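The structure appears below as structure tokens.
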Amino acid sequence: MSNKVPPDGGYGWVITFAYALNNVVVLPLVAGFGLVFQEAFEETGLTATQGTLVITLNHGFGMLLSFFGGPVLRRWGYRKVAVFGAVMVSSGLILTAFANNFWVFILSYSIINSMGIAAVMAAFTLAINSFFKEKRGRAIGVGMSITGLGTILMPMVMTAFLLRPAKWYLKDPPVLEEMQPLNKENGMALTNGSISASFKQMDILSLQKLEQPINNDVQPTKSLSMRSLMNTTNMQTRNAISHPDISKKPPDPPLSESRYKWWESQEINLGSSINIFYEGDSVRQIKSNQKDLDTDVEKKKKSLIQRFIDFFDLTLLRDPIFVNILFGLSIASCVETNFSLLLPIILKDLLKFETADIAKIMAVIGFSDTLFRFISPFIGEWCHRPPRVMYLVSLLVIIIIRSLMLFTTSFTGMLFVALAIGVTKGVRTVYMNIVIPSYVPLERLPFASGIQMFFNGIVIITIGSLLGRIREASGSYRLPIVILNLVTLLTILSWSIEFLYFKLKKADAKESIPA
């Protein structure tokens, strides 16, 4: 059984299609949540800050929960976890559809739905990597390409579902002022020249008075505590409460007042004095037992820590290469997420484009992104380069493209920039998902992916909040773009230093081998 390898095809392509179908259904709903539930936010009175918090918690909470993906997948397997995640996603969306206040949105969408998405993504990631090894890049590329098509089509489908009959929103005609009854605000209505009083308000006031609790007999807490203290008959106890030092033992008498003086003769029982020679052994035995007890406690503490480390497979963090991969992916993923979310705002704020022009630019990015999600695995196979190198090259290219974006002012020039952004985004999307699977063994992959998503959530929340403050302080998105490029450069530098170090080490090892 240990000599068998993944099929690299066969039923694995069914898994790939299921992976893509899951992404098509889940991811566009997350991205279009504001579009679908915008009206619900207005009806329930949610502020812009509360709506943003609901969406942000959905992303952050799911990434933090991915930390537990490894133990859960090891215990139940990816099939049961996928079914559980699908149920949670469906339940969360159904409850969100009936949400009528802020906390229901938090519970249904930010927690339940987020748990489901985290479970489903972790399960499908393990499943698709279990069926492919040599053709893993192709499988991920095909799945991501179908996902890209879904992100284009699903917003149209959601918009079609938002078309509703006009009769649902018909309102009563406005009542003219002369047709309204007089003195309505005082509970009086003038009908046929006579005044009829409404006693409804009076009934409500009388009921409120009857329902008021009588609190005259309730004593304040301070009075109760003082009364219980006064009822205490033990004076020593009360003094000990007020003056804790009274309850302590008196100090030992000084040496001059000791009961026996050194010059007074005392009888010594030699029979009992023989035990003096055995007291040393007993003391040593007590100390030995105490030392053994301390050792057992220390072993117990170590076992608890070790069990925690083994449960989450945190021994992965002892590998410096894995830590460097984790650092680079977390930073680069954070930059990618923030730039993708801010791009429409940047085009509006920095380049002053109209909404129709921004939609065309985003369509160009989506088209080139989807196309190169399918092509990029074959480019990597043709170049015979590992996933980390391909991902590193795409990061270097996107830094150049973002820098060109700062100097682009025309719509035509921005279309070419958008085309290049989509190409690099497609390459990064594919190879970002196979960098860790290509380094970590399959049995440790769920734990490695969970640790990566956990750090992604921390970095995204941290850097994302800083970008908003920098934008407010600078008054433009030019400085945030420069900072995103510098942060991306950290990944390039850290990985390049690692590659150079091991290359030099390998060269030294070859030179040291005698011919």
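Placement of Cβ uses the backbone N, Cα and C atoms for every residue, glycine included.
The annotation domain 'Major facilitator superfamily (MFS) profile' is assigned in TrEMBL to 8-506.
What TrEMBL records for 12-36 (among others) is transmembrane segment.
Tertiary neighbourhood of the transmembrane segment (48-69): same-chain residues 30, 33-34, 41, 102, 105-106, 109-111, 113-115, 117-119, 121-122, 312, 446-447, 449-454, 456-458, 460-461, selected by CB-CB distance under 8 Å and a gap of 6+ residues from either end. The transmembrane segment annotation in TrEMBL covers 48-69 (among others).
As annotated by TrEMBL, transmembrane segment applies to 81-99 (among others). Long-range contacts of the transmembrane segment (81-99) within the same chain: residues 26, 29, 37, 40, 44, 72-73, 105, 107-109, 111-124, 127, each at least 6 residues beyond the stretch ends and with a Cβ under 8 Å from a Cβ of the stretch.
According to TrEMBL, the transmembrane segment annotation covers 105-128 (among others).
Taken from TrEMBL, the feature transmembrane segment applies to 140-163 (among others).
Annotated transmembrane segment per TrEMBL: 321-346 (among others), in sequence order.
Per TrEMBL, the feature transmembrane segment maps to 391-424 (among others). Counting residues 6+ beyond its ends, the transmembrane segment (391-424) has Cβ neighbours under 8 Å at 332, 339, 347, 351, 353, 357, 360-362, 364-369, 371-372, 431-432, 435, 478, 481-482, 484-485, 488-489, 491-492, 495-496 in the same chain.
What TrEMBL lists as transmembrane segment is 445-467 (among others). Within the chain carrying the transmembrane segment (445-467), a Cβ under 8 angstroms from the stretch's Cβ atoms is held by residues 56, 59-60, 62-64, 66-74, 118, 122, 125-126, 129, 312-314, 316-317, 322, 326, 329-331, 333-335, 337-338, 342, 436-437, 480, 483-484, 487, all 6 or more beyond its ends.
Under the heading transmembrane segment, TrEMBL lists 479-502 (among others).
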Confidence summary for the domain 'Major facilitator superfamily (MFS) profile' (8-506), mean pLDDT rounded: 75
